[in-house]
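What follows is one structure encoded as structure tokens, with my remarks underneath.
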Amino acid sequence: MNIAVVGTGYVGLVTGTCLADIGHHVTCIDIDEEKVAKLKRSESPIYEPGLEELLERNINSGNLTFTTDYEQGFKDKDVAYIAVGTPENDDGSANLTFVETVAKQIAETAQQDIIVVTKSTVPVGTNHHVLEVLQQHKQDHVNVSVVSNPEFLREGSAIYDTFNGDRIVIGADDQHAADTIEEINRPFNVSVYKTDVASAEMIKYASNAFLATKISFINEVANICERVGANVEDVAIGMGMDDRIGNKFLNAGIGYGGSCFPKDTKALIDIAKRVDYDFKILNQVVDVNTQQQRLLVDKVKDHFNGNLQGKTFGVLGLAFKPNTDDMREAASIVVTKELLDAGATVKAFDPIAMDNAKQVLDDRINYQNNKEDTIQDVDAILILTEWDEFKYLFNNEAFKEIQNPVVFDGRNIYNAEEVSSMTYYSVGR
Ligand SMILES: NC(=O)C1=CN([C@@H]2O[C@H](COP(=O)(O)OP(=O)(O)OC[C@H]3O[C@@H](n4cnc5c(N)ncnc54)[C@H](O)[C@@H]3O)[C@@H](O)[C@H]2O)C=CC1
Ligand SMILES: O=C(O)[C@H]1O[C@H](OP(=O)(O)OP(=O)(O)OC[C@H]2O[C@@H](n3ccc(=O)[nH]c3=O)[C@H](O)[C@@H]2O)[C@H](O)[C@@H](O)[C@@H]1O
């Protein structure tokens, strides 16, 4: 099948590359010339394990091309995927400007019948609106149809998730279009669930909101565990042994970040509000997460009797989670700003996200080249992202030299034996 993918971000690039890898002819289109130039050289503009290798293989085989030119991108394409961003508006609603622009561009460019697939996360009703835009701007001889095909991949394991997903959701009113998208995805060998468009759109938001709820729930349990002398890790294991609860997504810590849970929870609250429904639980999930991102700073302040003036902290991990360079809504944004505003000096290091961190974080941060330099001459170490290389810090020579180390672990990466030689704070234990 000849496929165009619009948007080469975390979703579009992975989708396009994986579709090429299962044998389709894919052209990825982006307005960002710098990104496209890099991609043409088989260089990934994002950090995603395994992606560069897959890019190179499919560019070399001729299955995968990149362009900024819409006409070239849509030439002879049967299907166009929309994978542009749907960021948060000031009122929490999803910003659909990019999706609308792309729909119009597809309509104005396509010279042949085309199925438009929305991969971007969009509120209920958006696919119908996309169809209206397409019909309004398309050439008379062109037939268009729209399919909702929300994406469930996680950053850091995006390629694995594409080939091993739990399900592919296809929402369409047009049976032929739904069958075509199912056929395109068949080589992935992932279960397909077909439904109407509105339900597909809702499945995406409800799934992310449920996962965010699980995290805020275990974080509140963790906060109670601290007060009653229980250990949230044991509690989560015990809970997770019940199949109805499941053992995943019960890691307590300093809250969820990233490009999706924060914005999608707020967008679903907004979707509900528009139909006069107050999504009470989800409002609390968001509030708990805001509180949780500050938790470590409260612990630091308590330890230093409320005075951080003149203190120096070594922050390990800046990305919103390990194995990604994505800084969107990372807890590190909140934590480092609070420390700096309280008069502290902040040294910081992330194995992969340093370049992005410098664009997002406060200029006052003193960036380091490695973990060893970051933990030297500090009053305390803060662990904000559970990168593997921080998991054995206590075995590190630089760490062993520290007199009376104080560690605030926002991701619960150490167990009791490992921390016996330090003053150690974690979440819910
Ligand atoms: N990041 C993730 O892990 C996941 C994201 N999603 C959803 O997928 C969508 C995309 O997310 P990301 O890939 O993270 O976004 P991103 O921000 O990383 O990438 C979006 C890309 O679209 C390009 N773009 C914008 N306007 C364009 C236009 N008119 N024509 C061509 N290209 C254009 C931008 O230059 C950028 O490269 C969002 O709706 C998001 O909620 C869904 C599942 C996972
Ligand atoms: O719509 C999206 O963009 C994607 O959002 C999440 O994926 P992602 O944001 O890449 O990362 P997750 O692994 O879900 O982690 C999100 C945040 O939750 C936190 N988290 C996760 C799990 C957990 O038990 N505890 C916890 O605090 C992580 O540290 C991270 O900050 C979902 O897992 C994907 O299914 C979805 O496609």
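Heads up, the Cβ atoms here are built off N, Cα and C, so glycines get one too.
TrEMBL: automatically predicted annotations, no manual curation.
According to TrEMBL, the features are:
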ACT_SITE  Cys260  active site, nucleophile
BINDING   Asp30, Lys35, Thr86, Thr121, Glu155, Lys263, Arg328  NAD(+) binding site
BINDING   Phe152, Leu153, Arg154, Glu155, Lys204, Phe249, Leu250, Asn251, Ala252, Gly253, Gly257, Lys321  substrate binding site
DOMAIN    314-416  domain 'UDP-glucose/GDP-mannose dehydrogenase C-terminal'
As a test of reading the model: what is the averaged pLDDT for the domain 'UDP-glucose/GDP-mannose dehydrogenase C-terminal' (314-416)? 96
Record-annotated NAD(+) contacts Asp30, Lys35, Thr86, Thr121, Glu155, Lys263, Arg328; largest Cα to Cα distance in whole Å is 24
For substrate: widest Cα to Cα gap among Phe152, Leu153, Arg154, Glu155, Lys204, Phe249, Leu250, Asn251, Ala252, Gly253, Gly257, Lys321 in Å: 24
Candidate recorded positions Phe152, Arg154, Leu250, Gly257, Cys260, pick with smallest Cα gap to Thr86 (NAD(+) binding site): Cys260
Given the recorded positions Asp30, Thr86, Glu155, Gly257, Cys260, return the subset with CB under 6 A from an atom of ligand 2, ordered by sequence, or none if empty. Glu155, Gly257, Cys260
Taking only the recorded positions Thr86, Leu250, Cys260, which have a CB closer than 6 angstroms to any atom that belongs to ligand 1? Thr86, Cys260
Counts of helix, strand and coil residues, the domain 'UDP-glucose/GDP-mannose dehydrogenase C-terminal' (314-416), according to DSSP: 32 helix, 18 strand, 53 coil
From the Cα of Gly257 (substrate binding site) across to the Cα of Lys263 (NAD(+) binding site), what is the distance in angstrom? 9
How many whole Å apart are the CA atoms of Lys204 (substrate binding site) and Thr121 (NAD(+) binding site)? 7
With a 10 Å radius around each C-beta, find which of these recorded positions (Leu250, Ala252, Cys260) has the fewest other C-beta atoms nearby. Leu250
Rank the binding-site residues Lys35, Arg154, Lys204, Arg328 by how many other Cβ atoms lie within 10 Å of each Cβ and give me the one with the fewest. Arg154
Of Phe152, Arg154, Leu250, Ala252, Gly257, Cys260, which recorded positions are close to Arg328 (NAD(+) binding site), meaning a Cα within 10 Å of its Cα? Gly257, Cys260
Taking only C-alpha atoms and a 10 A limit, tell me which of Asp30, Thr121, Ala252 are near Cys260 (active site, nucleophile). These are the binding-site residues. Thr121
Between Gly257 (substrate binding site) and Lys35 (NAD(+) binding site): CA-CA distance (Å): 24
Taking Cα atoms as reference points, which of the binding-site residues Asp30, Thr121, Glu155 is nearest to Leu250 (substrate binding site)? Glu155
